[in-house]
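Engineer: This is the structure, below, for whatever I ask next.
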Amino acid sequence: MSFDIAKYPTLALVDSTQELRLLPKESLPKLCDELRRYLLDSVSRSSGHFASGLGTVELTVALHYVYNTPFDQLIWDVGHQAYPHKILTGRRDKIGTIRQKGGLHPFPWRGESEYDVLSVGHSSTSISAGIGIAVAAEKEGKNRRTVCVIGDGAITAGMAFEAMNHAGDIRPDMLVVLNDNEMSISENVGALNNHLAQLLSGKLYSSLREGGKKVFSGVPPIKELLKRTEEHIKGMVVPGTLFEELGFNYIGPVDGHDVLGLITTLKNMRDLKGPQFLHIMTKKGRGYEPAEKDPITFHAVPKFDPSSGCLPKSSGGLPSYSKIFGDWLCETAAKDNKLMAITPAMREGSGMVEFSRKFPDRYFDVAIAEQHAVTFAAGLAIGGYKPIVAIYSTFLQRAYDQVLHDVAIQKLPVLFAIDRAGIVGADGQTHQGAFDLSYLRCIPEMVIMTPSDENECRQMLYTGYHYNDGPSAVRYPRGNAVGVELTPLEKLPIGKGIVKRRGEKLAILNFGTLMPDAAKVAESLNATLVDMRFVKPLDEALILEMAASHEALVTVEENAIMGGAGSGVNEVLMAHRKPVPVLNIGLPDFFIPQGTQEEMRAELGLGAAGMEAKIKAWLA
């Protein structure tokens, strides 16, 4: 879409942060209003993360107004809230391409702009990186400042607290801004508290604070009295004791939608030494009533009509794999009160809403704490319960040691329901489920299953749930199932594949939901088609049978080729001295960028036409 100067006259003046800083302060509330309307106009046309950005408009304007970005370094955690940042940093006219193939990246991305200091997508990394950046800036000696913006969800993760604990120890000059967008604004946010925040961040208070500590440093009782008095004054209106104990100078909470007040507080804090912590209160979805009322639904949106206030309803076609999992979960829980389900802040995405309502005492959302989720599941298993960890492939990476040390070594029966396996689409490099087969396949005692359709998915979940000799995993993709009939649940024989079609010369060994395309290729080439079903243990007898009765083999998977299921097939053949030619089809050795699932599969040759072309070229 073209930028409408008449509709956004103040925003039209801002092509860069340098131009932003030339605006008089009095014009900034109008800029915020236009920026918020432009964000609504753009995202409703293009789709994308929405409610978080609406809540950070004033903060974004204030930060870029006070700090000399990009010389001063601004780090956004996760990046859902960074759309206004992109608009103000030279990407205004391209914001309509965000999350699209070849368009703006969905998150801050170092390769896209000098303003994007840290590439992000996963949560709770900003403070750790910010400490390193701040230490480097101190050694550089050019008075470069470092600011990290982190949300109230992301700050609950252990990594954020590890970083803050370290910052309190080495005391770098840096600012952490906590964007607290809980549903209700705290009672502490108001004129008195905003005034106190400006007072406590001001030079007079800061110099008195430090000077008093120096003067009375040799008099322990008075030093302690001063500390307690300061804490008492702050404690009357602020909840910052935890952050003070970690070594930060805590200011807040303040109104995150008062752009002029934020500018005053940030200017006061900019030159303070040591780690600083500014707590701001915002409203997710600010300025668009439907998003304010339902920020979860409006967190990420498809294209929609803003005037209607409603998102388009799904077509009501085939269920998603997440829905298949959620239905199976409820069905199984109704029969077995030992079932416990765990998610790290992915209730909606993992299809667990209905389960959480029907079985609240057996549902555990542990927040953004993947490591804890896995070891918590281990504890439940030790206690005689049957835990299921529902987690995205890309986030399971964050709990790898816990899978190894706390579950697999102890042979605990934990079922991992791995959603978003393979290509996920618009979220790009940081969210592709490209590696789970590779990083799980090497773990002893692990059973790994790859369903080819929703019925197999249910049977495999059932099989894994009833497997008691160690951990098991079922991986399934983002998107809709294929529409096969659902049959009664029964346990599958562990490590056994099935031949779906008999052909000649060539055998295609398929792992997972690329099966419909693999079937088309097998039909076209008159190839044998095998649904391998298990990545671990592999059906070695079936692999050797295919090698003995065919001239060449092809493996198909939506996982990195390196270390994936196809690599396992190669290992079996080499171990048995069967030098049969094998073509491994899967994800190549680079991070897959954004684009729709269909676009990326076509580009990578994972559709029927692409697979057939690869096979023909290889056989030629």
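A Cβ is built for glycine as well, from the same backbone N, Cα and C atoms used for every other residue.
These numbers come from a predicted model, not from an experiment.
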Engineer: In Swiss-Prot, the residues H80, G121, H122, S123, G153, A154, Y288, E370 are said to bind thiamine diphosphate. Which of N68, N181, N268 is said to bind at that same site?
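Structural biologist: Candidate listed by Swiss-Prot for the same site: N181.
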Engineer: Here the binding-site residues are D152, E370; which one has the lowest number of other Cβ atoms no more than 10 Å from its Cβ?
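Structural biologist: Each of the binding-site residues D152, E370 was scored; lowest Cβ tally within 10 Å is D152.
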Engineer: Counting other Cβ atoms within 10 Å of each residue's Cβ, which of the binding-site residues H80, H122 comes out lowest?
Structural biologist: H122
Engineer: Please find, for H80, G121, H122, S123, G153, A154, N181, Y288, E370 as listed binding thiamine diphosphate, the greatest distance between any two Cα atoms, in Å.
Structural biologist: 32
Engineer: Let me check the 10 A CB neighbour count of G153 (thiamine diphosphate binding site). How many other CB atoms are there?
Structural biologist: 20
Engineer: Does N181 (thiamine diphosphate binding site) have same-chain partners at least 6 apart in sequence with Cβ under 8 Å from its own Cβ, and which are they?
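Structural biologist: The list for N181 (thiamine diphosphate binding site) reads S52, G55, G151, D152, M281, T282, K283, K284, P295, given in order along the sequence.
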Engineer: Under DSSP, is E370 (thiamine diphosphate binding site) helix, strand or coil?
Structural biologist: helix
